[in-house]
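Feature annotation from TrEMBL assigns transmembrane segment to 6-34, 46-65, 71-92, 99-118, 138-157, 169-188, 194-215, 227-245.
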Amino acid sequence: MEASLYWLLITFLITAAAGIAQGLTGFGFALIAMPLLGASLGMKSAVVVVVILSLLTNIAILAPVRRHVQLGGMWLLIGSSFAAVPLGAWLLAVAPAAVLKLAAGLLVCAFAIIQLRGASFPIRGTRLSYPLTGALSGVLNGSISLSGPPVALFLSASGMDKMRFRANLTFFALALNIVTVAVYFGQGLLTVEVLRGCLAGIPGMLAGVVIGISLAGKVAESAFKRLVLLFLTCSGMWTLISGLMTL
């Protein structure tokens, strides 16, 4: 009994912290939850649990900011991302995953740090920039499951305010979540252990999201952008570490 209560408490704290990050910035749930839940659930189950909880998180975040979604550009981004996944899968088959992770991690860190230092990029939400960003995201998703950072960097560099940033990034992530959960269902990965992990994680996730959304309304635009770029730097560093560990 004590072990079960301890596990529930740890799961609550992990998902609450991840929910705060996601509610505040529009991403970061998997970055925080995956390595920690993987230690208690096993990586195979943790991956599925995190995707399901991310789906629920994104629904909660998108509801109050949905009017800020730029549907035309986002459908271009989502469509090109899905179309490029097979190319990413091919890259994974012909190139070492560690090399791909190192390259992606370096790029994410470099662009995030450059923006943190005050540099700007001449990126605007054009008909060309959305599909190009989506294609890069799809290639990375198909090869090393790293779809979010390219989109987050693009939205940040395009000068979106925090509400539009969170709305559009969440819309993109939700579309990927829905497709991924459907694939997991078809592969028989929605097991009793996964259901148990989801039920244990929902209370903390909901509490964290509520706190994160509340904080998002109080953070100044400049501080929000720096926070996003710091999270992206952490994401890139984690990808680098993951690549080094698999060399």
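Just so it is clear, glycine is given a Cβ too, placed from its N, Cα and C backbone atoms.
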Rank 6-34, 46-65, 99-118, 169-188, 194-215 by Cβ pairs under 8 Å to the transmembrane segment (138-157) and hand me the top one. 99-118
Taking 3+ C-beta pairs under 8 angstroms (sequence gap of 6 or more) as contact, is the transmembrane segment (71-92) in contact with the transmembrane segment (194-215)? no
Chain residues in Cβ proximity to the transmembrane segment (99-118) (below 8 Å; excluding those fewer than six residues from its ends, i.e. six or more beyond): 91-92, 140, 143-144, 146, 149-150, 153, 156-157, 225-226, 229-230, 232-233, 235-244, 246
Under 8 Å for C-beta pairs, could you tell me which stretch among 6-34, 169-188, 194-215 has the largest tally with the transmembrane segment (227-245)? 6-34
Long-range CB partners for the transmembrane segment (6-34) (under 8 A, at least six residues beyond its ends), listed in sequence order, are 40, 46-47, 50-51, 53-54, 57-58, 60-61, 148, 152, 165-167, 169-170, 173, 197, 200-216, 219, 224, 227-228, 231, 234-235, 238
